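Chemist: Sharing a structure here in structure tokens format.
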């Protein structure tokens, strides 16, 4: 691994000696969402790796049976008839190749053997001992088949770690200190992760239920667990059963919660990060080792995998200059700290009325807070903004609960201010599943009044040099009060507006009850023009036509005229119905549209010793690109985004250059961000909304989420 940028993508071919496949077809139409479940059961029953081609199931080899009867987990029986034998002449798409490849991995157990060997060898190194528990980092090998621009298949092979406690969900539920609703869990011995929808006691069900579950189970671990529950009445008295969102039911004894960084204590989080954020060279060597094991195990079955990584196709140029209100500009290479010290913001409000709240256990840091406020006032004064302190409140509290009780009357009295600055104590960490966070409470209560807040943790004031904290806070104060720290000098191509749109599902009691489309509209200078929240009954992950229509109505209201070029960034997949609605309203309002999907997770990685890799790209097709959007300033391996143009006229390279420019628009820190401003913070906004933190007014131009 040198200066060039490699990707964990490997050319893959399937050239079996025996090209005979047995083809089965259902006697009745199968619902689309059940097709993969049926395919999996065809593989289990025949023992032959299988892929699906439309409504046919192709088995790699000869099957003598004329009819297959497959029982799904819900008890439904699917009948397949043998159509005959066909000669395999190649895959028609990536999915077919991926399905067959994964079945061969299961058949040879090469993947399971690697994970088992790795865990045994490095168990001590990938186990984290917290204060009250042990945490295991379980290796996960992920495979996905993609297609290159040239038309050959590529194996995307990656290694990650799943964070989970040693205890099963059953143990945690027995202790009654864990709310499992909506958490992700993984069944032991099953390559699947799902979200918890419901939990109930096993004793509520009769023996017939357990017998049917045992018979329908397709994995040894779950079949054994159901068998034990069927035989042991005492076990059923205390056992919990868990229903996942996709309808699967499992005994809690074989489920392990999948933790996130938010679920970890600080010391746990740091230790986990040291392991998970693996040095790029080390990660690549491990991937190569896994690949060699795959090659050896699958060679005799006709699989040929190149040992060579694919290489980046080139490096995109982009407009990387920002400017201030006086026309001073700078090229952003690493960060914006020096520019922020000297720049003159675009001032929309030059006098800010501010309320100060200080929450502490003791008074000893109050002098430090006063010192910090003086520096903040002077800093903003030099920027042309007067900070006018309307009032101050000091709250001394020994616990989070006491602090909340004392905060309520203070917050209730606040009105007619532009911002509330809150110095906040960090009380002992709580379980986020069952306790409130003081930060959430403050943010939520002030947003009910449509007042933005700036929270400063008391511990940050213990730093000897407050300049870093001061700059960061000042930048956010500007953005939260409608003032603009800086703008883009220019951007590639002619664009009038960028629209970032995402959908989050709001859950109550484990059930999705409504969805919120979050829209952010930016002008060609990267300046936020408006955010807009629209809520409607949930229909999976899709945007409704009404939500899309609202975006166009808002664009017109904001003054974007017919003929305007509108570039839409969808955080995630654009569905066919969504594309049709965008095109319909684009024509209706007379806008020229570019529709892009931005996929931020589970993409191939770039590996390079070069620090400045922002702009490297790999084209999967004429309209699909893997794009490096930041330089190697962080630990760990670079995680690029995937950009796919779904509709429009501009070349995907121009659209990617625009994305690179929009990564400079970050008002919450000095570093450019991984995602363009259009979709950056989508995850945070969603999490805030799930915790009840959202503005009363669903439309505005204040970045309350910073």
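Even glycines carry a Cβ here, placed using N, Cα and C.
Annotations for this protein, taken from Swiss-Prot, read as follows:
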- 502: active site (ACT_SITE)
- 541: active site (ACT_SITE)
- 571: active site (ACT_SITE)
- 683: active site (ACT_SITE)
- 502, 571: Mn(2+) 1 binding site (BINDING)
- 502, 683: Mn(2+) 2 binding site (BINDING)
- 168-259: domain 'PAZ' (DOMAIN)
- 419-694: domain 'Piwi' (DOMAIN)
- 1-108: region 'N-terminal domain' (REGION)
- 109-165: region 'Linker L1' (REGION)
- 263-334: region 'Linker L2' (REGION)
- 335-448: region 'Mid domain' (REGION)
- 449-706: region 'PIWI domain' (REGION)
- 612-650: region 'PIWI box' (REGION)
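Can you tell me where each of these features sits in the structure?
Modeler: Sequence-distant neighbours of residue 502 (active site): residues of the same chain at least 6 apart with a C-beta under 8 Å from its C-beta are 517, 518, 570, 571, 572, 679, 682, 685, 686.
Counting every protein chain shown, the number of other Cβ atoms lying within 10 Å of the Cβ of residue 571 (active site) is 21.
Look at residue 502 (active site): DSSP puts it in a strand.
Mean pLDDT for the domain 'PAZ' (168-259) in this predicted model: 88.
Look at the region 'PIWI box' (612-650): DSSP puts its residues at 0 helix, 18 strand, 21 coil.
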Chemist: With DSSP as the yardstick, break the region 'Mid domain' (335-448) down into helix, strand and coil residue counts.
Modeler: 47 helix, 28 strand, 39 coil
Chemist: DSSP on residue 571 (active site), three-state: which is it?
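Modeler: Where residue 571 (active site) sits, the three-state DSSP reduction gives strand.
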